[in-house]
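**Student:** Mind having a look at this structure? Questions to follow.
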Amino acid sequence: METAKKHLIIIGFMGTGKTTAGQQLAAQINLPWVDTDQQIEQKWGFSVAEYFQRYGEASFREQETDVLQQLLSGPPSLITTGGGIVLKPENRAMMKEQGWVIHLYATPEEIIRRLSANRDRPLLQGDIRQKVRQLFRERDGKYDFADCTINTTSCSPDDVVEKILSFWQRRQV
Ligand code: S3P
């Protein structure tokens, strides 16, 4: 059975501006905004960093899939996601089937620049340059299923939002 694509879903590596775009879009689009990391934090009552510390990455990935499933089965929404949501093939399949998927991209150098001052991401502890480059290699191709890719490397957040809105509006006619 074919399911209609009813959600607008934003994926992308850490530091590509998914949350900023979600925040700005929420004010301009007629969809409730939900974020997979925030849902996990609300459910458990502590941060993603603390979740990783207590239960580890594998358990976090299970939570992520549960939350994604719940959000996708709910009303049409703007869904922003954690950068690693694309790791599981079943997550990629569900998102593709049930939503229009926007991939925000930035070069590894730009991501390192953006995230160097913000050190709370559990997967980027230690040598951030080495970690970002390694994760980039491991995730190569995993964001490619998106319906649209936006290179945010030299784009302002306003430009990114404008591109997403234009994509979305073209899907509404
Ligand atoms: C992760 C990205 C994070 C968060 C967790 C793991 C990843 O979200 O889900 O730290 O594996 O890329 P952001 O992409 O919003 O930073």
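Residue numbering: from 1, along the chain as shown.
Glycine is no exception: its Cβ is also placed from the backbone N, Cα and C atoms.
Nobody curates TrEMBL annotations by hand; they come from automatic prediction.
Source: prediction; values computed, not measured.
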**Student:** Arg121, Arg129, Arg133, Arg137: which one does TrEMBL list with Gly15, Thr16, Gly17, Lys18, Thr19, Thr20 for the ATP site?
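**Tutor:** Of the residues offered, the record points to Arg121.
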**Student:** Could you tell me which of the binding-site residues Gly15, Thr20, Asp37, Arg61, Gly83, Arg139 have their C-beta within a distance under 6 angstroms of some atom of ligand 1?
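**Tutor:** The ones that qualify, in sequence order, are Asp37, Gly83.
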**Student:** Can you see whether DSSP assigns Gly15 (ATP binding site) to helix, strand or coil?
**Tutor:** coil
**Student:** Relative to the Cα of Thr16 (ATP binding site), which of the binding-site residues Asp37, Arg61, Gly83, Arg139 has the closest Cα?
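**Tutor:** Closest by Cα distance to Thr16 (ATP binding site) among the binding-site residues Asp37, Arg61, Gly83, Arg139: Gly83.
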**Student:** These are the binding-site residues: Lys18, Arg121, Arg139. Which one scores highest on other Cβ atoms within 10 Å?
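**Tutor:** Of Lys18, Arg121, Arg139, the one with the most crowded Cβ is Lys18.
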**Student:** Report, as a single number, how many Cβ atoms besides its own are within 10 Å of the Cβ of Asp37 (substrate binding site).
**Tutor:** 21
**Student:** From the Cα of Arg139 (substrate binding site) across to the Cα of Arg121 (ATP binding site), what is the distance in angstrom?
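**Tutor:** If we compare the Cα positions of Arg121 (ATP binding site) and Arg139 (substrate binding site), the gap is 17 Å.
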